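Feature annotations, courtesy of Swiss-Prot:
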{"type": "DISULFID", "residues": "238-240", "note": "disulfide bond"}
{"type": "DISULFID", "residues": "271-274", "note": "disulfide bond"}
């Protein structure tokens, strides 16, 4: 089934919903980083969350970056997303893997850790990006994002994220949703939705059964006048380039660049998001030094 993201409303706009199937997207990211099962689940949940949240950006030039650092062996997860649904990300330690939790599920919170923060960074081309930050609530990512929305943006929200890793380490199913109550929404409606979310199967189970994202949302919001407003094809896509990597290389500073140049060696840099390698010869390091740091 092709990945798909939809935006919707229910109950005459009292509820705002973003839902997506992200199996192919997550599979791409997990393969690029050669993730162990628990690391794959953590990265996959973050990629799915990024795809969902990125579509709330107003401009194609805006970016949304999610970071979670909890002191665990995952060594943090970083995801950057865009308004068109494309997303990229990495996990600090792709080999992070521990025994399943008490429910027999991949122990994402166990590798993320709980001693740290979740950050949401919106860069809208202004002088400074907007940074929202909350302490990690559980380390399961979905609950942490729901906590972020409630505390930092004062928007009561339910966030469901799921990644099912197959025996061959491929992604069998992945997806998620963000459900938000709009100002003035009926409190009994919020209670009803909470009850339904407790009763439904997991999103990965529904995707594995072949349900589309529209069918999943219709199932959750039965008799609530669900209206699909927009659909997008989310994808994993890195936009790195030699020029961007060169700028990042130059930013290490004149002193460090001079040391690298004086050693006379070729320098290789890898993109965090896609692992593509960029080699800079001794002469090219010299050119960067001259271009960025020579006195005009």
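The backbone N, Cα and C atoms fix where each Cβ goes, and this holds for glycine too.
Between the listed disulfide-bonded residues, namely 238, 240, the fewest other CB atoms within 10 angstroms of a CB are found at 240. The two recorded residues residue 271 (disulfide bond) and residue 240 (disulfide bond) have their Cα atoms spaced 7 Å from each other. A simple way to gauge crowding: the CB of residue 274 (disulfide bond) has 17 other CB atoms within 10 angstroms, across all the protein chains here. Other C-beta atoms found within 10 angstroms of the C-beta of residue 271 (disulfide bond) number 19, with every protein chain shown included. Cα of residue 240 (disulfide bond) to Cα of residue 274 (disulfide bond): a distance of 8 Å. Here the C-alpha separation of residue 238 (disulfide bond) and residue 274 (disulfide bond) works out to 6 Å.
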